[in-house]
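Asks: Feature list, courtesy of TrEMBL:
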ACT_SITE  His105  active site, proton acceptor
BINDING   8-27, 87-90, 171-173, 197-199, Ala215  NAD(+) binding site
BINDING   Tyr52, Arg55  substrate binding site
BINDING   Cys113, Cys116, Cys132, Cys135  Zn(2+) binding site
DOMAIN    1-229  domain 'Deacetylase sirtuin-type'
Amino acid sequence: MRIVVLTGAGISAESGLATFRDAGGLWEGHSVADVATPEGYARDPDTVLAFYDERRRIAASALPNAAHFALARLEEAQGDGLLVVTQNVDDLHERAGTRRLVHMHGELFRALCTRCHARTPWIGDLRGRPECPHCGARALRPDVVWFGEMPYGLDRIEEAVSEADVFVSVGTSGEVYPAAGYAALAAAHGARTVELNLVPSDPVIPFDEVRAGPATTVVPAWVDDVLAEA
Ligand code: APR
């Protein structure tokens, strides 16, 4: 069985990382145009670098939760049959043990050199304009995908979604494309679609199954059910 799991900020909420559009979410306290667009970065790089430095520090001290671990357990059982596609820029999936993973919106723990385009693992702050380890330019930005930029891995994702038998959306509001279109793409190719979310989203095409609840409860329970059926 081929399974694609798409995750959003909701899977990391119980690890203490804020979502974007929920009450108290990141987009309540910050303007998307200021901190999540290339234009905002060009206008005021210090504010943007500080925003991601802060998020990187918070993410570094967060721990994966039962939902991340359950997906790693599913990969152990499914091997190549599972692909996790995350919109999250934290590293909690990989720290839980997931290996077949696409970070479509990039990674907080990487820096992108705007001069030589190298992508480098990065744990420190970017605010002080450190040198790019490849070309030496002080031109590093967070390797996250901003609005108006192309997400990573689209070909691989679309191929996997089109071939999936089961498509599962976890903790995402479905407000941001192209991720928001993947459930419909999977359904058009015959997949069964499932949503696991604290508050179910309002999709264009309804999911075949919806399980409402916190990720740390509903994701392990869904994984148990998949493994019991196998
Ligand atoms: N368990 C499960 N789901 C939860 C939990 C939880 N404990 N807490 C919140 N959620 C759900 C909400 O119900 C909502 O559907 O997580 C979702 C969070 O939605 P958003 O804040 O819109 O986050 P996301 O869907 O990941 O956003 C997509 O928008 O700006 C961006 O690039 C950013 O990747 C992000 C993209």
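The backbone N, Cα and C atoms fix where each Cβ goes, glycine too.
Quick caveat, the model's predicted, so the values are computed rather than measured.
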Asks: Tell me which recorded positions (Ser12, Gly16, Gly24, His105, Cys132) have a Cβ under 6 A from ligand 1; sequence order is fine.
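Replies: Listed by sequence, the hits are His105.
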Asks: List the residues of the same chain that sit at least 6 positions away from Leu198 (NAD(+) binding site) in sequence and have their Cβ under 8 Å from its Cβ, in sequence order, or write 'none'.
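Replies: Residues satisfying the criterion: Gly10, Ala13, Gly171, Ala212, Gly213, Pro214, Ala215.
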Asks: Same-chain residues six or more away whose CB lies under 8 A from the CB of Ser12 (NAD(+) binding site)?
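Replies: Those within reach of Ser12 (NAD(+) binding site), by Cβ under 8 Å and sequence separation of 6 or more, are Ala62, Asn65, His68, Asn88, Asp90, Leu92, Gly171.
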Asks: I want to check the contact list for Phe20 (NAD(+) binding site): same chain, sequence separation of six or more, C-beta distance under 8 angstroms. What comes out?
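Replies: Sequence-distant Cβ neighbours: Ala9, Leu26, Trp27, Ser173.
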Asks: Which chain-mates of Cys132 (Zn(2+) binding site) that are at least 6 residues away have a CB under 8 A from its CB, listed by sequence?
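Replies: Result: Ala111, Cys113, Arg115, Cys116, Ala118, Thr120, Arg138, Ala139, Leu140.
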Asks: Which chain-mates of His105 (active site, proton acceptor) that are at least 6 residues away have a CB under 8 A from its CB, listed by sequence?
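Replies: Looking at Cβ-Cβ distances below 8 Å from His105 (active site, proton acceptor), excluding near sequence neighbours, one finds Thr86, Gln87, Asn88, Val89, Val144, Val145, Pro151, Tyr152.
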Asks: Which of the listed binding-site residues (Cys113, Cys135) has the least company, meaning the fewest other Cβ atoms within 10 Å of its Cβ?
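Replies: Selected from the binding-site residues Cys113, Cys135 on minimum Cβ neighbours within 10 Å: Cys135.
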Asks: Quick one: mean pLDDT on the domain 'Deacetylase sirtuin-type' (1-229)?
Replies: 97
